[in-house]
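Undergrad: Could you have a look at this structure, given as structure tokens, before my questions?
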Amino acid sequence: SPPAAAEPRHASSAAPRRLRDRLRGAARPAAPPAHTAPGSRPQVRGAEPSSTAPAAARDTQAPSRFDYERFQQSLRHPPRGRRPPEDPETQARRMKVKEMMKFAWDNYKQYALGKNELRPLTKNGHIGNMFGGLRGATVVDALDTLYIMELEEEFQEAKKWVEKSFDLNVNGEASLFEVNIRYIGGLLAAYYLTGEEVFKSKALELGEKLLPAFNTPTGIPRGVINLGRQDTRSPFCPCSGMSWSWGWASAGSSILAEFGTLHLEFLHLSELSGNPVFAEKASTSQLLLNKVEKPQGLYPNFLSPVTGNWVQHHVSIGGLGDSFYEYLIKSWLMSDKKDSEAKRMYDDALEAIEKHLVKKSAGGLTYIAEWRGGILDHKMGHLACFSGGMIALGAEHAAEEKKQHYMDLAAEITNTCHESYARSDTKLGPEAFRFDTGSEAMATRLSERYYILRPEVVESYMYMWRLTHDPKYRQWGWEAVKALEEHCRVEAGFSGIRDVYSTTPTHDNMQQSFFLAETLKYLYLLFCEDDVLALDDWVFNTEAHPLPINHTNFKAKAGVQ
């Protein structure tokens, strides 16, 4: 088999292997209008700039100044915590995760600096075509992890690369979703943690390049944006980059987890720039989804950016749907619990999910099935395992009579995901596991046996530990650390494996950037005190980049950048 490519979030159990292969390739434009000239780049119907676009996008650097000092003072805890003495075992485990991060970074720096990911077996870099010509995905994804772990020298190396080598003048087809969660999320988090202006300016410049994706009849963005087609001479819009839907997406639809996973980052882009355009664009999706009829109260994964109607009735809490739900509860938390609409949408969605999708296996394992037009598919993807942590986070703020119920549900789902690890030979979990063939919490198809250093299971361990302090979650996390060391650590980094049920697994030769952004960060936080990136100061975007809760309005009333 060829080496694995960098994996998009949605190259998941929700998608067959052929879909994953298409995701790894370039996005395919939707059918061009009939008048498109032969040989020219097709423009998607409905992607013309709206009449309000010029004024909104022209002046992203508004004459307001973000008050970083006031923001710092508003934090209830230092981001790295105060580090009181801990038991030696927990400290040693935290230091082990820190060593793993340094090992992953040092090998990336040696063999692949500036490329998007490290190929650790062949000791070279991988660029891929998911980021539209952008480079250094691992650098940007790793910035906040390096900072939180106090890997000072390594953080300075990463910062220097961003300052000197991170070029945004690229021409290529990028995933709006992936660029947002990895690059913009990583740059925003690095700015909020350090106050270094280079991170803020890069985030705002890149954010502007994403705005043309929203130029659709509904305001729902298309999935792919050409970062290089920014015609500043256009009298209609200074950001006339072109966008289109993924070629594999049904009937030119947009993906729920993509257009529904912009809110956190885009609100912060408006906060830092003083320009409301980002927040307005991201809020369009919430407004539309509020109005559209939802089958059984559920949100299907595909929606037309032209008509605003659902295209297919496929519902998944894993790939294609996952982070939409996560961003509802986190939008409410990030607003300091003021965005009541997001909270209501989250509560209603969770109620529908529990009613229609949450099931218990014959062996007593609670899982979240997928829904295809009313027919249940009794499987969970690794990506869906984030939901234990999400439900626990929401339970903290649920109605009093429902708090314990949701904490119990979160614990049951997290236990099921742990079982998917415990029942494999490597003690790492498969990409998807099923409950319909006699075996439970195990992959039953060859195409679902792989593990690509994904974070969702340890993410839920971290939340469950923070919210319950049950020591089993730290123990489960340590089991994952040992399994990663035994089966994924190679001479020059960490690699995914192709079969979790083989004690001598074949490596896929890819150190995913999210391994440094998410997996190692969540494991490190699992062994930290609760005041390190405290949950009452920060929410994590879906790439584990910490963004601050808006305790107050940090913007100065006057002043020029």
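First residue shown is number 1, and so on along the chain.
Each residue, glycine too, has its Cβ placed from N, Cα and C.
TrEMBL does not curate its annotations; it predicts them automatically.
OK, TrEMBL features for this one:
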COMPBIAS  1-16  compositional bias 'Low complexity'
REGION    1-92  region 'Disordered'
COMPBIAS  26-39  compositional bias 'Low complexity'
COMPBIAS  83-92  compositional bias 'Basic and acidic residues'
ACT_SITE  Glu178  active site, proton donor
ACT_SITE  Asp322  active site
DISULFID  Cys385-Cys417  disulfide bond
ACT_SITE  Glu431  active site, proton donor
ACT_SITE  Glu456  active site
BINDING   Thr542  Ca(2+) binding site
Undergrad: What is the Cβ neighbour count of Glu431 (active site, proton donor) at a 10 Å cut-off, with all protein chains included?
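TA: If we count other Cβ atoms within 10 Å of Glu431 (active site, proton donor), we arrive at 26.
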Undergrad: Of Glu178, Glu456, Thr542, which recorded positions are close to Cys385 (disulfide bond), meaning a Cα within 10 Å of its Cα?
TA: Glu456
Undergrad: Cα within 10 Å of Cys417 (disulfide bond): which of the recorded positions Asp322, Glu456, Thr542 qualify?
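TA: Of Asp322, Glu456, Thr542, within range: Glu456.
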Undergrad: By DSSP assignment, list the helix, strand and coil residue numbers for the compositional bias 'Basic and acidic residues' (83-92), in that order.
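TA: Grouping H, G, I as helix and E, B as strand yields 5 helix, 0 strand, 5 coil.
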Undergrad: Cα-Cα, whole number of Å: Glu431 (active site, proton donor) versus Glu456 (active site)?
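TA: The separation of the Cα atoms works out to 11 Å.
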Undergrad: Determine the Cβ neighbour count for Glu178 (active site, proton donor): the number of other Cβ atoms within 10 Å of its Cβ.
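TA: The answer is 25.
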Undergrad: Across all protein chains in the structure, which of the active-site residues Asp322, Glu456 has the highest Cβ count within 10 Å?
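TA: Max Cβ neighbours within 10 Å, all protein chains included: Asp322.
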